[in-house]
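Data first, discussion second: the structure below is written as structure tokens.
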């Protein structure tokens with residue numbers, strides 16, 4: 001947030017099983033978004049539906065206003081026949097408050113109270129101590145979820161990103177839930193050949209009626225563990241034998257700690273200023289002296305604390321691995337917004353001055369696909385971003401992109417900004433119906449996404465070069481659209497044009513955009529060869 005000015009065949013012929021089918025008509029894949037394994041469920045009804053595409057003029061003139069739960073299942077071990085389920089730590093965790101419990105990977109727990117959702121009261125069987133633990137850091141002992149190779153609700157594209165990370169050898173693998181077949185799993189393996197180079201193959205793991213598992217019916221196993229052991233010893237028709245388990249990065253906790261939503265200002269330490277805009281400064285900092293966070297400090301008068309707190313209650317329920325997580329707030333002026341820290345900063349700066357300058361088209365399209373995945377989630381939740389552009393996308397290690405500042409723009413009370421004119425308002429990213437009449441919907445976000453695509457392929461160039469805001473508004477109303485950027489494939493520019501349709505309802509959905517971009521180099525540009533720039 002901020003102003004523009006400032007900122008399966010059998011035997012040896014097994015084939016890889018794609019989780020998403022390619023549609024006959026378009027060649028694009030429509031799959032569910034990857035979502036974190038243990039995020040809690042929040043009903044759509046708790047989030048207002050801002051997407052009234054047929055808003056009247058009066059409604060439109062209001063300015064900038066106006067999860068899948070994955071329960072712990074599997075084979076459970078009880079303690080001494082008492083019916084007490086034991087859980088096992090999947091990661092190390094260092095206590096952040098006096099009520100938290102520090103623990104190490106592999107440590108066993110008795111869960112005393114799991115009714116709190118994201119933070120459970122537990123007793124360590126190692127130390128005997130009790131305290132709160134993050135529920136997404138543990139799994140039932142001996143369950144599939146406790147296996148290092150099990151990645152839960154990881155999407156196909158995210159599995160490929162994980163496996164193709166630098167340093168992973170051929171045969172690196174993981175198992176995840178199937179996106180298309182309920183109760184089935186997918187085995188994803190890193191492979192290599194002369195034609196494709198490094199790539200990933202996916203195999204569907206099906207369940208037998210008697211509870212067993214198989215990839216091919218001639219090789220059946222009682223457990224997934226036995227299946228993994230078998231294919232680790234020999235490929236037996238797979239592209240390669242299983243060699244190394246993919247690295248499963250430690251996830252973000254859901255919130256900073258139990259009941260740590262409104263935090264004291266003195267619990268936050270501002271360490272390094274990362275950037276500033278017309279309405280806020282962004283700092284890297286720590287909470288409670290032990291947890292790295294990003295802190296947005298809003299300038300006085302930017303928005304009312306009451307309006308912000310009301311919107312923040314909605315924002316904190318939006319949880320997806322392509323959205324920057326809102327951790328906590330300081331609700332008294334000056335308002336502080338505490339979020340997860342992303343090491344590479346904003347996508348805009350990353351593209352202009354950072355590692356992004358050297359990226360080729362496959363990386364850039366993948367980053368766009370990640371943004372589309374996050375926006376597809378926002379779309380499903382009937383929410384709107386209102387200020388989608390590269391400055392509001394944050395980049396982490398491994399070129400992971402997450403959407404920030406969703407929903408905040410409508411709360412800004414600055415007169416120049418709310419009048420949708422002047423240097424503070426992002427005219428060049430805003431759909432004409434939103435800029436002229438205040439009709440902000442998910443379809444105006446789609447328009448903005450088309451502009452963001454130009455930022456990606458031009459490495460952060462300001463849209464509509466050589467034109468001021470007034471000229472942009474006038475020319476766009478007359479039908480002008482930006483030409484195809486240098487070295488950008490025609491097919492990608494056609495997608496931008498599709499996002500910039502005058503009629504909002506003719507613009508694509510983010511679900512469509514995600515599928516198109518995720519399969520871009522197989523369905524649309526299979527003959528792509530890298531050039532000097534892209």
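Numbering starts at 1 and runs along the chain as displayed.
Quick reminder: no glycine exception, Cβ is built from N, Cα and C everywhere.
Owing to the predicted nature of the structure, the values given are computational and were not obtained by experimental measurement.
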Candidates 292, 296, the one Swiss-Prot lists with 274, 275, 276, 277, 278, 279, 280, 281, 282 as binding ATP: 296
Feature region 'Disordered' in Swiss-Prot, mapped to one of the ranges 15-39, 40-64: 15-39
Contact yes or no, the domain 'SH2' (149-246) and the domain 'SH3' (82-143), 3+ Cβ pairs under 8 Å, gap 6+: no
Candidates 278, 280, 282: member of the binding-site residues with the richest Cβ shell (10 Å): 280
Spatial separation of residue 528 (phosphotyrosine) from residue 282 (ATP binding site) - C-alpha basis, Å: 38
Predicted model, mean pLDDT over the domain 'SH2' (149-246): 94
Span of the ATP site, taken as the largest CA to CA distance across 274, 275, 276, 277, 278, 279, 280, 281, 282, 296 (Å, rounded to a whole number): 14
Cα-to-Cα gap, residue 276 (ATP binding site) vs residue 528 (phosphotyrosine), nearest whole Å: 38
